[in-house]
Amino acid sequence: MPAQCSSCTEKRAVLKRPKTGHSLCKECFFWAFEEEVHQTIVAAELFKSGESVGIAASGGKDSTVLAHVMKLLNERYNYGLELMLISVDEGITGYRDDSLETVKRNQQQYELPLKIVSYEELYGWTMDAIVKQVGLKNNCTFCGVFRRQALDRGAVMLKVDKICTGHNADDVAETVLMNVLRGDIARLRRCTAISTSSEGEGVVPRCKPLKYAYEKEIVLYAYFKKLDYFSTECIYSPNAYRGYARTFLKDLESIRPSTIIDIIHSGENLSVREGVKMPVQGTCSRCGYISSQALCKSCVLLEGLNRGLPKLGIGKHHRLHDKILSQQPLTDKEERKLKPVDF
Ligand code: SF4
Ligand code: ZN
(Lines of atoms letter the chains of each structure in order from A and count residues from 1; the text may use other names and numbers.)
(Lines give C-alpha, C1' and ligand atoms only; values in the text may rest on other atoms or scores of the structure.)
(Ligands and ions follow the chains in the order given, each with its own letter.)
Protein backbone atom coordinates (compact mmCIF):
# COMPACT_ATOMS: atom_id res chain seq x y z
CA MET A 1 0.00 0.00 0.00
CA PRO A 2 1.41 3.45 -0.89
CA ALA A 3 2.61 5.41 2.12
CA GLN A 4 0.61 8.32 3.45
CA CYS A 5 2.15 11.77 3.70
CA SER A 6 3.59 11.97 7.21
CA SER A 7 2.73 15.65 7.44
CA CYS A 8 -0.91 16.01 6.31
CA THR A 9 -1.69 12.26 6.73
CA GLU A 10 -4.31 12.66 4.00
CA LYS A 11 -2.57 12.48 0.69
CA ARG A 12 -0.33 9.81 -0.75
CA ALA A 13 3.39 10.45 -0.28
CA VAL A 14 5.27 10.91 -3.54
CA LEU A 15 8.77 11.34 -2.18
CA LYS A 16 11.06 10.71 0.74
CA ARG A 17 12.79 13.93 1.78
CA PRO A 18 16.54 13.50 1.41
CA LYS A 19 17.11 15.91 4.28
CA THR A 20 14.84 14.36 6.91
CA GLY A 21 13.76 11.00 5.51
CA HIS A 22 10.07 11.97 5.88
CA SER A 23 7.58 10.65 3.32
CA LEU A 24 5.64 13.62 1.97
CA CYS A 25 3.02 14.52 -0.60
CA LYS A 26 3.90 17.13 -3.18
CA GLU A 27 2.15 20.05 -1.46
CA CYS A 28 3.65 19.32 1.96
CA PHE A 29 7.11 19.05 0.41
CA PHE A 30 6.71 22.39 -1.39
CA TRP A 31 5.57 24.01 1.83
CA ALA A 32 8.42 22.52 3.91
CA PHE A 33 11.05 23.52 1.35
CA GLU A 34 9.77 27.08 0.99
CA GLU A 35 9.35 27.55 4.74
CA GLU A 36 12.91 26.44 5.38
CA VAL A 37 14.24 28.99 2.89
CA HIS A 38 12.02 31.61 4.55
CA GLN A 39 13.38 30.65 7.99
CA THR A 40 16.94 30.92 6.65
CA ILE A 41 16.20 34.40 5.29
CA VAL A 42 14.55 35.57 8.49
CA ALA A 43 17.09 34.05 10.88
CA ALA A 44 20.04 35.57 9.08
CA GLU A 45 18.20 38.84 8.35
CA LEU A 46 19.27 38.64 4.73
CA PHE A 47 17.07 41.46 3.44
CA LYS A 48 15.47 44.72 4.53
CA SER A 49 12.16 46.00 3.24
CA GLY A 50 12.60 48.41 0.33
CA GLU A 51 15.83 46.86 -0.93
CA SER A 52 16.38 45.97 -4.55
CA VAL A 53 17.87 42.52 -4.97
CA GLY A 54 19.56 41.07 -8.03
CA ILE A 55 19.14 37.31 -8.41
CA ALA A 56 22.16 35.81 -10.16
CA ALA A 57 20.45 33.74 -12.85
CA SER A 58 22.20 31.16 -15.00
CA GLY A 59 19.16 29.22 -16.18
CA GLY A 60 20.31 26.21 -14.13
CA LYS A 61 18.22 24.46 -11.49
CA ASP A 62 19.59 26.33 -8.46
CA SER A 63 19.10 29.85 -9.74
CA THR A 64 15.75 28.97 -11.31
CA VAL A 65 14.49 27.58 -8.00
CA LEU A 66 15.96 30.60 -6.22
CA ALA A 67 14.15 33.05 -8.53
CA HIS A 68 10.90 31.11 -8.15
CA VAL A 69 11.09 30.87 -4.35
CA MET A 70 12.28 34.46 -3.87
CA LYS A 71 9.34 35.77 -5.89
CA LEU A 72 6.92 33.54 -4.04
CA LEU A 73 8.21 34.39 -0.53
CA ASN A 74 8.46 38.09 -1.35
CA GLU A 75 4.73 37.99 -2.07
CA ARG A 76 3.72 35.51 0.65
CA TYR A 77 5.53 37.35 3.45
CA ASN A 78 5.60 40.90 2.09
CA TYR A 79 9.37 41.22 2.17
CA GLY A 80 8.95 44.46 0.24
CA LEU A 81 11.83 43.65 -2.13
CA GLU A 82 12.27 44.75 -5.68
CA LEU A 83 13.62 41.69 -7.49
CA MET A 84 15.53 41.46 -10.75
CA LEU A 85 17.61 38.91 -12.60
CA ILE A 86 21.28 39.36 -13.48
CA SER A 87 22.94 36.95 -15.90
CA VAL A 88 26.50 36.60 -16.99
CA ASP A 89 27.17 35.60 -20.58
CA GLU A 90 30.59 33.96 -20.58
CA GLY A 91 30.47 33.46 -24.35
CA ILE A 92 30.33 29.65 -24.45
CA THR A 93 28.73 28.49 -27.66
CA GLY A 94 26.44 25.52 -27.25
CA TYR A 95 26.07 26.07 -23.52
CA ARG A 96 25.55 29.60 -22.27
CA ASP A 97 23.70 30.79 -25.35
CA ASP A 98 21.16 28.01 -24.76
CA SER A 99 20.91 28.51 -21.00
CA LEU A 100 20.39 32.25 -21.51
CA GLU A 101 17.32 31.40 -23.57
CA THR A 102 16.01 29.67 -20.44
CA VAL A 103 16.73 32.78 -18.36
CA LYS A 104 14.84 34.90 -20.89
CA ARG A 105 11.85 32.57 -20.59
CA ASN A 106 12.12 32.77 -16.77
CA GLN A 107 12.10 36.53 -17.05
CA GLN A 108 8.75 36.32 -18.86
CA GLN A 109 7.37 33.68 -16.49
CA TYR A 110 8.34 35.59 -13.34
CA GLU A 111 7.88 39.06 -14.82
CA LEU A 112 11.22 40.30 -13.51
CA PRO A 113 13.62 42.73 -15.19
CA LEU A 114 16.75 41.09 -16.59
CA LYS A 115 20.27 42.42 -17.15
CA ILE A 116 22.83 40.38 -19.07
CA VAL A 117 26.52 41.28 -18.79
CA SER A 118 28.94 39.59 -21.12
CA TYR A 119 32.64 38.79 -20.85
CA GLU A 120 33.04 39.99 -24.38
CA GLU A 121 31.73 43.45 -23.62
CA LEU A 122 33.50 43.70 -20.22
CA TYR A 123 36.85 42.12 -21.03
CA GLY A 124 36.97 41.84 -24.82
CA TRP A 125 37.27 38.04 -24.51
CA THR A 126 34.68 35.26 -24.70
CA MET A 127 35.34 31.96 -22.92
CA ASP A 128 35.44 30.32 -26.36
CA ALA A 129 38.39 32.56 -27.27
CA ILE A 130 40.03 32.10 -23.84
CA VAL A 131 39.88 28.30 -24.11
CA LYS A 132 41.46 28.55 -27.56
CA GLN A 133 44.41 30.29 -25.96
CA VAL A 134 44.71 28.65 -22.53
CA GLY A 135 43.38 25.16 -23.24
CA LEU A 136 41.12 23.14 -20.98
CA LYS A 137 43.23 23.05 -17.85
CA ASN A 138 42.95 26.46 -16.22
CA ASN A 139 39.92 27.78 -18.07
CA CYS A 140 37.66 27.70 -15.00
CA THR A 141 40.11 29.94 -13.11
CA PHE A 142 39.59 32.65 -15.74
CA CYS A 143 35.87 32.05 -15.82
CA GLY A 144 35.41 32.13 -12.04
CA VAL A 145 37.44 35.30 -11.51
CA PHE A 146 35.74 37.10 -14.39
CA ARG A 147 32.28 35.99 -13.28
CA ARG A 148 32.67 37.35 -9.78
CA GLN A 149 33.56 40.77 -11.11
CA ALA A 150 31.01 40.65 -13.94
CA LEU A 151 28.19 40.04 -11.48
CA ASP A 152 29.30 43.04 -9.44
CA ARG A 153 29.46 45.19 -12.55
CA GLY A 154 25.96 44.08 -13.57
CA ALA A 155 24.70 44.77 -10.06
CA VAL A 156 26.22 48.26 -10.08
CA MET A 157 24.62 48.97 -13.48
CA LEU A 158 21.24 47.84 -12.13
CA LYS A 159 21.85 49.78 -8.90
CA VAL A 160 20.79 46.82 -6.75
CA ASP A 161 21.52 46.80 -3.01
CA LYS A 162 22.32 43.09 -2.90
CA ILE A 163 22.97 40.06 -5.04
CA CYS A 164 21.61 36.67 -4.07
CA THR A 165 23.12 33.54 -5.56
CA GLY A 166 21.80 30.01 -5.90
CA HIS A 167 24.61 28.33 -3.91
CA ASN A 168 23.10 25.35 -2.14
CA ALA A 169 24.24 23.28 0.85
CA ASP A 170 26.17 20.84 -1.35
CA ASP A 171 28.06 23.74 -2.99
CA VAL A 172 28.98 25.20 0.39
CA ALA A 173 30.12 21.82 1.77
CA GLU A 174 32.13 21.21 -1.39
CA THR A 175 33.81 24.61 -1.07
CA VAL A 176 34.67 23.94 2.59
CA LEU A 177 36.29 20.68 1.50
CA MET A 178 38.15 22.33 -1.39
CA ASN A 179 39.52 25.06 0.85
CA VAL A 180 40.69 22.50 3.42
CA LEU A 181 42.34 20.49 0.66
CA ARG A 182 44.06 23.62 -0.67
CA GLY A 183 44.92 25.01 2.77
CA ASP A 184 43.23 28.27 1.81
CA ILE A 185 42.55 29.68 5.28
CA ALA A 186 41.26 33.08 4.15
CA ARG A 187 38.63 31.51 1.90
CA LEU A 188 37.82 28.80 4.41
CA ARG A 189 36.81 31.44 6.89
CA ARG A 190 34.64 33.28 4.37
CA CYS A 191 33.07 30.47 2.40
CA THR A 192 30.47 29.39 4.95
CA ALA A 193 29.20 32.95 5.52
CA ILE A 194 25.57 33.19 4.45
CA SER A 195 26.07 36.83 3.53
CA THR A 196 29.00 39.10 2.87
CA SER A 197 28.98 42.83 3.26
CA SER A 198 30.50 45.12 0.67
CA GLU A 199 34.28 44.89 0.87
CA GLY A 200 34.85 48.07 -1.09
CA GLU A 201 33.73 50.30 -3.93
CA GLY A 202 31.99 48.35 -6.70
CA VAL A 203 31.58 45.22 -4.57
CA VAL A 204 27.92 44.51 -3.93
CA PRO A 205 26.93 42.54 -0.77
CA ARG A 206 25.97 38.95 -1.53
CA CYS A 207 23.86 36.30 0.15
CA LYS A 208 22.88 32.66 -0.26
CA PRO A 209 19.23 32.01 0.66
CA LEU A 210 19.58 28.33 -0.40
CA LYS A 211 22.62 27.76 1.82
CA TYR A 212 20.86 25.01 3.80
CA ALA A 213 18.89 23.51 0.89
CA TYR A 214 20.18 20.14 -0.30
CA GLU A 215 20.84 19.82 -4.00
CA LYS A 216 18.69 16.70 -4.18
CA GLU A 217 15.74 18.64 -2.77
CA ILE A 218 16.28 21.51 -5.20
CA VAL A 219 16.11 18.99 -8.05
CA LEU A 220 12.92 17.46 -6.60
CA TYR A 221 11.37 20.90 -6.11
CA ALA A 222 12.16 21.96 -9.68
CA TYR A 223 10.92 18.63 -11.01
CA PHE A 224 7.59 18.55 -9.17
CA LYS A 225 6.97 22.27 -9.79
CA LYS A 226 7.79 21.65 -13.47
CA LEU A 227 10.12 24.65 -13.49
CA ASP A 228 11.74 25.56 -16.77
CA TYR A 229 15.49 25.11 -16.30
CA PHE A 230 18.56 24.16 -18.27
CA SER A 231 20.39 21.04 -17.15
CA THR A 232 23.30 20.56 -19.54
CA GLU A 233 26.84 20.75 -18.14
CA CYS A 234 29.26 23.36 -19.41
CA ILE A 235 31.23 22.01 -22.36
CA TYR A 236 34.46 23.25 -20.75
CA SER A 237 33.67 21.80 -17.37
CA PRO A 238 36.23 19.11 -16.50
CA ASN A 239 37.65 20.95 -13.52
CA ALA A 240 39.09 17.71 -12.23
CA TYR A 241 39.97 18.72 -8.69
CA ARG A 242 36.54 20.09 -7.85
CA GLY A 243 35.04 17.08 -9.59
CA TYR A 244 36.85 14.70 -7.23
CA ALA A 245 35.76 16.73 -4.21
CA ARG A 246 32.17 16.57 -5.45
CA THR A 247 32.26 12.81 -6.05
CA PHE A 248 33.81 12.28 -2.63
CA LEU A 249 31.04 14.33 -1.01
CA LYS A 250 28.29 12.47 -2.90
CA ASP A 251 29.82 9.12 -1.87
CA LEU A 252 29.83 10.19 1.77
CA GLU A 253 26.26 11.48 1.44
CA SER A 254 25.05 8.13 0.14
CA ILE A 255 26.26 6.47 3.35
CA ARG A 256 25.33 9.30 5.67
CA PRO A 257 22.92 11.97 4.33
CA SER A 258 23.76 14.45 7.10
CA THR A 259 27.37 14.67 5.84
CA ILE A 260 26.56 17.82 3.88
CA ILE A 261 25.16 19.75 6.78
CA ASP A 262 27.86 18.33 9.11
CA ILE A 263 30.64 19.68 6.88
CA ILE A 264 28.94 23.09 6.71
CA HIS A 265 28.69 23.16 10.52
CA SER A 266 32.35 22.17 10.84
CA GLY A 267 33.28 25.01 8.47
CA GLU A 268 31.13 27.48 10.41
CA ASN A 269 32.73 26.53 13.70
CA LEU A 270 36.32 26.56 12.61
CA SER A 271 38.22 29.51 13.95
CA VAL A 272 41.53 30.75 12.73
CA ARG A 273 44.39 30.71 15.23
CA GLU A 274 45.65 34.14 16.16
CA GLY A 275 48.76 35.14 14.32
CA VAL A 276 47.83 33.38 11.05
CA LYS A 277 48.63 35.81 8.27
CA MET A 278 45.58 36.97 6.32
CA PRO A 279 45.64 38.88 3.05
CA VAL A 280 45.11 42.62 3.45
CA GLN A 281 42.43 44.01 1.13
CA GLY A 282 43.25 47.03 -0.95
CA THR A 283 42.19 48.10 -4.42
CA CYS A 284 43.52 47.25 -7.84
CA SER A 285 45.65 50.07 -9.16
CA ARG A 286 44.35 49.50 -12.67
CA CYS A 287 40.58 48.98 -12.41
CA GLY A 288 39.82 49.93 -8.80
CA TYR A 289 38.28 46.56 -7.88
CA ILE A 290 39.15 45.05 -4.46
CA SER A 291 42.45 43.23 -4.41
CA SER A 292 45.06 42.10 -1.93
CA GLN A 293 47.76 42.69 -4.56
CA ALA A 294 48.68 45.74 -6.63
CA LEU A 295 46.71 44.30 -9.55
CA CYS A 296 43.47 42.38 -9.07
CA LYS A 297 43.28 38.82 -10.32
CA SER A 298 41.03 39.83 -13.19
CA CYS A 299 43.48 42.44 -14.48
CA VAL A 300 46.41 40.01 -14.19
CA LEU A 301 44.54 37.29 -16.09
CA LEU A 302 43.47 39.80 -18.72
CA GLU A 303 46.99 41.17 -19.10
CA GLY A 304 48.22 37.61 -19.61
CA LEU A 305 45.58 36.94 -22.28
CA ASN A 306 46.24 40.19 -24.11
CA ARG A 307 49.98 39.54 -24.16
CA GLY A 308 49.67 35.92 -25.20
CA LEU A 309 51.13 34.87 -21.80
CA PRO A 310 48.15 33.01 -20.37
CA LYS A 311 49.99 31.58 -17.37
CA LEU A 312 50.60 35.00 -15.87
CA GLY A 313 47.62 34.75 -13.52
CA ILE A 314 47.98 31.04 -12.78
CA GLY A 315 50.17 30.10 -9.85
CA LYS A 316 52.46 32.49 -8.05
CA HIS A 317 54.05 35.12 -10.23
CA HIS A 318 53.58 38.18 -8.04
CA ARG A 319 57.07 39.48 -8.73
CA LEU A 320 56.24 39.58 -12.41
CA HIS A 321 52.99 41.44 -11.79
CA ASP A 322 55.00 44.33 -10.37
CA LYS A 323 57.22 44.33 -13.43
CA ILE A 324 54.22 44.42 -15.71
CA LEU A 325 52.56 47.15 -13.70
CA SER A 326 55.63 49.34 -14.04
CA GLN A 327 55.81 48.36 -17.73
CA GLN A 328 59.27 46.86 -17.49
CA PRO A 329 60.02 44.35 -20.24
CA LEU A 330 60.11 40.67 -19.25
CA THR A 331 63.25 38.64 -19.91
CA ASP A 332 63.07 35.78 -22.43
CA LYS A 333 63.23 33.32 -19.56
CA GLU A 334 60.29 34.94 -17.80
CA GLU A 335 58.25 35.00 -21.01
CA ARG A 336 58.97 31.33 -21.61
CA LYS A 337 57.74 30.49 -18.14
CA LEU A 338 54.40 32.07 -18.83
CA LYS A 339 53.88 30.82 -22.34
CA PRO A 340 53.67 27.05 -22.33
CA VAL A 341 50.12 25.81 -22.40
CA ASP A 342 49.21 22.30 -21.32
CA PHE A 343 46.40 21.08 -23.48
FE1 SF4 B 1 33.09 28.66 -16.65
FE2 SF4 B 1 34.33 26.41 -15.96
FE3 SF4 B 1 31.85 26.86 -15.12
FE4 SF4 B 1 32.28 26.36 -17.69
S5 SF4 B 1 32.64 24.94 -15.96
S6 SF4 B 1 30.98 27.98 -16.87
S7 SF4 B 1 34.27 27.33 -17.99
S8 SF4 B 1 33.69 28.01 -14.56
ZN1 ZN C 1 41.83 45.19 -11.63
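Don't overthink the numbers, they just go from 1 along the chain as shown.
Cβ atoms are placed via backbone N, Cα and C, with glycine included.
What TrEMBL says about this protein:
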| type | residues | note |
| --- | --- | --- |
| BINDING | ALA56, ALA57, SER58, ASP62, VAL88, GLY166, ASP171 | ATP binding site |
| DOMAIN | 53-246 | domain 'tRNA(Ile)-lysidine/2-thiocytidine synthase N-terminal' |
| DOMAIN | 282-312 | domain 'Cytoplasmic tRNA 2-thiolation protein 1 C-terminal' |
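Overlay of TrEMBL feature records on the structure.
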| residue | record | contacts (Cβ under 8 Å, 6+ apart) |
| --- | --- | --- |
| ALA56 | ATP binding site | SER63, ILE86, SER87, VAL88, LEU151, ILE163, CYS164, THR165, GLY166 |
| ALA57 | ATP binding site | SER63, THR64, LEU66, ALA67, LEU85, ILE86, SER87, VAL103, ASN106, LEU114 |
| SER58 | ATP binding site | SER87, VAL88, SER99, VAL103, GLY166, PHE230 |
| ASP62 | ATP binding site | GLY166, HIS167, ASN168, ASP171, LEU210, GLU215, ILE218 |
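Least crowded of the binding-site residues (VAL88, GLY166, ASP171), judged by neighbouring Cβ atoms within 10 Å of its own Cβ: ASP171.
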